[in-house]
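Colleague: Encoded as structure tokens, here's the structure I'll be asking about.
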Amino acid sequence: IDDIKSAVEKVCPGVVSCADILAVTARDSVVILGEPNWDDVKLGRRGARTTSQASANSSIPPPTSNLNRLISSFSVVGLSTKDMLALSGAHTIGQARCTSFRGRRFNETNNLDSSLTKTRQNNCPKNLGSGDDNLAPLDLQTPTYLDNHYFINLVSKKGLLHSDQQLFNGGSADSTVKSYSDNPSSFATDLVTAMIKMGDIRPLTGSKGEIRKNCKRIN
């Protein structure tokens, strides 16, 4: 992001915001990682003049969340249950710290495939403080490709995080998760819709906020 901002500022200083750069790179990252392109990335956002790490962290559902909390957290910002499920599919890439999935590995048995437990036994010990920062891929099958394997894993009880497996655990989201696991094009379509909606959540435009010279700090 910093490299992009620096290059853009050299050519067009004070015009393109960090917020817009994030929106475009989010789209481009999805495409690079294997999912479809979409043209209508809305531009004209501006950056906030204040930031709060605590506020940002409190807005993100923790990995201990149940389905109701996940639905509620997304609903507060205008995203539907289907949006939440499609966006959760981004967990087909990336990694999680042992502290995020230790509880699931050792305390959940009825909805956890035993092979996942064996796979994770070496890098996530039971004792707190031992291997806390060790990483594991959220999707063991295709950890660097954005596809529907996340949902295939959930149907097979191989969700790494507690909050992941809650999406397929005998609840109201089961049918959509199963649909995404069987139909990758359905997931791709809904992911694009949800990404566009997420980009419309309370953007600063017009004279609100600012166009930062450096994305790390306010002007």
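Glycine too: its Cβ is placed from the backbone N, Cα and C atoms.
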Colleague: Scan Cys98, Cys215 and flag the one TrEMBL records as disulfide-linked to Cys124.
Modeller: Cys98
Colleague: Which one is it, among the recorded positions Pro61, His91, Cys98, Cys215, that lies nearest to Asp147 (Ca(2+) binding site) by Cα separation?
Modeller: His91
Colleague: Please work out the number of neighbouring Cβ atoms within 10 Å of the Cβ of Thr142 (Ca(2+) binding site), leaving out its own Cβ.
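Modeller: That number is 18.
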Colleague: Which ones in the same chain are close to Cys18 (disulfide bond), with CB under 8 Å and 6+ residues apart in sequence?
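Modeller: Those within reach of Cys18 (disulfide bond), by Cβ under 8 Å and sequence separation of 6 or more, are Ile1, Lys5, Gly47, Ile211, Arg212, Cys215.
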Colleague: Looking at the binding-site residues listed here (Pro61, Thr92, Asp139), whose Cα lies nearest to that of Cys124 (disulfide bond)?
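Modeller: Among Pro61, Thr92, Asp139, Asp139.
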Colleague: For the recorded Ca(2+) site, whose residues are Thr92, Asp139, Thr142, Asp147, find every other residue on that chain with a C-beta no more than 8 angstroms from the centre of their C-beta atoms, and list them by sequence position.
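Modeller: My list of surrounding residues reads Ile93, Gln141, Pro143, Tyr145, Leu146, Asn148, His149, Tyr150.
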